[in-house]
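Asker: From Swiss-Prot, here are the annotated features:
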{"type": "BINDING", "residues": "ALA80, GLY81, PHE82, ASP83, LYS84, THR104, ASN157, ASN190, LYS226, THR254, GLY278, GLY307, TYR328, THR329", "note": "FMN binding site"}
{"type": "BINDING", "residues": "LYS84, ASN129, ARG130, MET131, GLY132, PHE133, ASN190, ASN195, ASN255, THR256", "note": "substrate binding site"}
{"type": "ACT_SITE", "residues": "SER193", "note": "active site, nucleophile"}
Amino acid sequence: MSGAPPAPRGGGHRWYGVARQLFFLVPAERIHTLVFALLRGVTAVGWPRRLLRRLLAPTDPVLASTVFGVRFPGPLGLAAGFDKDGLGLHAWGALGFGYAEIGTVTAGPQPGNPAPRLFRLPADRALLNRMGFNNLGAGALAVRLARRQPDIPIGVNIGKTKATPPDQAVDDYRASARLLGPLASYLVVNVSSPNTPGLRDLQAVGSLRPILSAVLAETSTPVLVKIAPDLSDSDVDDIADLAVELGLAGIVATNTTVSRDGLRTAGVDQLGAGGISGPPVARRAVEVLRRLYGRVGDRLVLISVGGIETADHAWERITAGASLLQGYTGFVYGGGLWAKQIHDGIAQRLRDGGFASLRDAVGSSARESG
C-alpha cells in the first residue's frame, strides 16, 4: 500500500480541528465510546434529531438512488465497525449519512481482542485496529432492530465467531443470517478482517462458496461479500466471478490492510498487529474497484470503502463504478459535518457534469476509458 496522499483542502471546519486535537489526547477506544454515547444521547430526543436531519440529511433528489431494491437518500454510508451493535440506529441519518452498516456482529457474543486495540496514525490520517469483532451477538442485535424503525437503510455485517472452527464457519454465518436477514436492508458477509485468526483464509473460493450459498439460502435480503485490499488481482477476479455465479447482490471493497508500506506515523511497528484504514488503503481500494467494475459491470452493486476523505475522492469512486460509498476513518478525522460535505460535493459534481441522476454517473469514467 502507498502512503497517505496530501492532506485534503477545505475539508472539515476549524472548530472541529481544535476539538479533534483535544479528542486525540484521550486513548482512541475510550474517546470513541464517549463520543458515540454523546451522539446517541443527542439524537435520542425527537427535536434535536429532527433539527439535525433538517440541517445535515441528504435531501437533494439527485443524490437518491434505488440499489438492489432499496432506496438510499444519499450514497455515503457509515462503514461497519463504528456501531457494532446497532446502539445508534437513529443517529446516523441525523448526522447526514444516507445509510449505515451495523457490525461486524457474530452469531454469539464475544469480547474481542484485549485492549489496547485501537490506535490513531495521525501523520497518515489513519487508524489501526485489532478489535476482533467485539459485539453483543446476533440475537441482541435482532431484538434491537425489531424494536426500532430507523429513518435510513440499515445494513448488517456478519462475521465468524472467533471460537468457531473454520470447518464450522458455514453454520456460524447461517445462524446470523437467519436471525438478521429479515431485519436488515442488506447483509454483508465479512471474510476479510485481519483480526480474527484464519478468517481471511475463507476468501478462497473453495471455502467461500459454501458460506455464501448457506447465507443466500437463509434469507431473501440482498447479500454482499466484503473483501480485503490485500488479495491478488486473480483472487479478486475469482471472487467476482463467484459472486455473479451465485447471484449475490454485490461486493464491498475493501476492508482494512495489513500492509505497513509508506506509512509516515512513527512507531507503527511497536503498535502490533491490526488492520489499517484511511488514506493508506485508498489507492488499492480504487484499483480493486476498477478491476471489479471491469469484470462485472452492472451485474453487481459495488460499494467502495477505504480512504474516502473528500467529495473528489467520493466522485472518483462513483465514476469508477461504485453505486454506494462508505466511510469510518474519514468521519473520525472529518467530524460531524463530514457526511454532509461529501454529499453536497457529489450533488454539485453531478450537476456540473450534466448527470440527471446518481445512477447515470456510476461507472461513467470507466465507460469513457473503455
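Note that Cβ sites are derived from N, Cα and C of the backbone, with glycine treated the same way.
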Asker: A 10 Å Cβ contact count, applied to the binding-site residues GLY132, GLY278: which residue has the minimum?
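Answerer: Counting other Cβ atoms within 10 Å of each of the binding-site residues GLY132, GLY278, the minimum falls on GLY132.
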Asker: Looking at the binding-site residues listed here (ASN157, LYS226, TYR328), whose Cα lies nearest to that of SER193 (active site, nucleophile)?
Answerer: LYS226
Asker: Using a 10 Å radius around its CB, how many other CB atoms surround PHE82 (FMN binding site)?
Answerer: 21
Asker: Please report the three-state DSSP label of LYS84 (FMN binding site).
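Answerer: The three-state answer is coil.
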Asker: List nothing but the largest Cα to Cα distance in Å, as a whole number, among the residues ALA80, GLY81, PHE82, ASP83, LYS84, THR104, ASN157, ASN190, LYS226, THR254, GLY278, GLY307, TYR328, THR329 that the record says bind FMN.
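Answerer: Comparing all Cα pairs, the maximum is 20 Å.
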Asker: So if I measure Cβ to Cβ from LYS226 (FMN binding site) and keep only same-chain residues at least 6 apart in sequence, which ones fall under 8 Å?
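Answerer: Residues satisfying the criterion: ALA80, ASN157, VAL188, VAL189, ASN190, VAL191, SER192, ILE251, VAL252, ALA253, THR254, ASN255.
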Asker: Long-range neighbours only, meaning 6 or more apart in sequence with Cβ under 8 Å: which ones does LYS84 (FMN binding site) have?
Answerer: ILE102, GLY103, THR104, VAL105, PHE133, ASN134, ASN135
Asker: So how many other Cβ atoms are close to SER193 (active site, nucleophile), meaning within 10 Å of its Cβ?
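Answerer: Around SER193 (active site, nucleophile), other Cβ atoms within 10 Å: 24.
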Asker: Please give the maximum pairwise Cα distance, in Å and rounded to a whole number, for the substrate-binding set LYS84, ASN129, ARG130, MET131, GLY132, PHE133, ASN190, ASN195, ASN255, THR256.
Answerer: 16
Asker: For the binding-site residues listed here, ARG130, ASN190, TYR328, which shows the highest count of neighbouring CB atoms within 10 A?
Answerer: ASN190
Asker: To the nearest whole angstrom, state the Cα distance for the pair GLY132 (substrate binding site) and TYR328 (FMN binding site).
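Answerer: Their Cα atoms are separated by 17 Å.
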Asker: At a 10 A cut-off on CB-CB distances, which of the binding-site residues ASN157, ASN255 has the highest count?
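Answerer: Per the Cβ count within 10 Å, the most buried is ASN255.
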Asker: When a 10 Å sphere is centred on the Cβ of ALA80 (FMN binding site), how many other Cβ atoms does it contain?
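Answerer: ALA80 (FMN binding site) is surrounded by 27 other Cβ atoms within 10 Å.
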Asker: For the residue listed as 'active site, nucleophile', what is the secondary structure by DSSP, using just helix, strand and coil?
Answerer: coil
Asker: Based on DSSP, name the secondary structure state of LYS226 (FMN binding site): helix, strand or coil.
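Answerer: Reduced to three states, the DSSP call for LYS226 (FMN binding site) is strand.
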